[in-house]
Amino acid sequence: MEKVSFSPLSRLAICGGTHGNEMSGVYMVRELQKLKLDRKGSVSITTVLTNPRAVDACRRYMETDLNRCFTDDLLSAPITDSTPYELRRACELNTQLGPKGSREAVDLLCDIHNTTSNMGICLIFYSSDWIALHIYKYLQRKITSAPVKAILLDTTSSEAYSLESVGKHGFTMEVGPQPNGVLRADIFNMVKEAVDLLIEWLQKFNSGSVFEGGEVEAFTPVRSVDYPRDPTTNDITAAIHPELQDNDYTLLHAGNPVFQSFSGETVEHEGEDLYPVFVNECAYYEKKIAFHLTKKITLTLPSISIKQD
């Protein structure tokens, strides 16, 4: 593949608290603000506590999930008295960090989240963004304290619903396992290392370093699986099986146990071999998702560098 060049990536936004009970991002942003770290070398850094009301209440959200509010249709909808708080906040963030799809948008947006699932460090991004993929490749090579994985969402820019889509480039950084409303030192340290390496990568890129191409693995969603439910009450009748619990990214074969009913019976995986992610994620109970099933793909990256005048 031919080398691809990009304009300087001089404006970085680091966001946390999009979900108000995911504490690593909240405290990473607060620490950066305390240090008054608004520039490092060639990179100007904007730090944003994105959902302050939910952070104060230590809740995922107040009225609706902020991280589902950034589609073009929602951002362009008129604001009325009945508009939920999070959608109003999404429009404010779009003005501050975007507008989405514009030349004025920040060059790179990193939105830090926690998951209760055993996902290690997982970057989530839309389409084959060479910048985000090269950052992922760099983090994967540099970080040895935890697995570094990526999930690639096949969604158009206009339908991209999460905060990172506001930047010219961007990704969600999911880090776990960590319970909601709790701050774990080991998980915070993973976030801090990843943020430090992200800034290091940007400085190297802006100084003219060429990042060689290569191959990386990523996961793409196939379908979501709900818990077994009582047909009358719709209550769940089983929990994640102990052999699946904490085994995100481990290939599921037909016949492998996935649920254990409250009466002790095992429910097995059916169909093609797929990789589970976000297994038993707390926030997905309301969405009726026990885990997502994904395929593993290999992506070939071109070499990239800064555009030369």
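Glycine is no exception: its Cβ is also placed from the backbone N, Cα and C atoms.
Since this is a predicted model, take the numbers as computed values, not measurements.
Record features, source TrEMBL:
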ACT_SITE  Glu174  active site, proton donor/acceptor
BINDING   His19, Glu22, His113  Zn(2+) binding site
DOMAIN    10-196  domain 'Succinylglutamate desuccinylase/Aspartoacylase catalytic'
DOMAIN    215-296  domain 'AstE/AspA barrel-sandwich hybrid'
Key: Any further residue of that chain within 8 Å (Cβ to the Cβ centroid of His19, Glu22, His113) of the recorded Zn(2+) site   = Gly16, Gly17, Thr18, Gly20, Asn21, Gly25, Arg60, Asn67, Ile112, Asn114, Thr115, Glu174, Ala283
Request  = Pop the Cα-Cα gap between Glu174 (active site, proton donor/acceptor) and His19 (Zn(2+) binding site) into the table, whole Å please.
outcome  = 12
Remark   = The rounded CA-CA distance in Å from Glu174 (active site, proton donor/acceptor) to His113 (Zn(2+) binding site) is 5
Ask   = Which residues does His113 (Zn(2+) binding site) neighbour through Cβ under 8 Å, counting only same-chain ones at least six apart?
value = Thr18, His19, Glu22, Gly25, Asn67, Thr172, Met173, Glu174, Val175
Note = Given the recorded positions Glu22, Glu174, the candidate whose Cβ has the fewest other Cβ atoms within 10 Å is Glu174
Remark   = Its residues classified by DSSP, the domain 'AstE/AspA barrel-sandwich hybrid' (215-296) shows 3 helix, 35 strand, 44 coil
Query = For His19 (Zn(2+) binding site), what is the tally of other C-beta atoms lying within 10 angstroms of its C-beta?
reply = 25
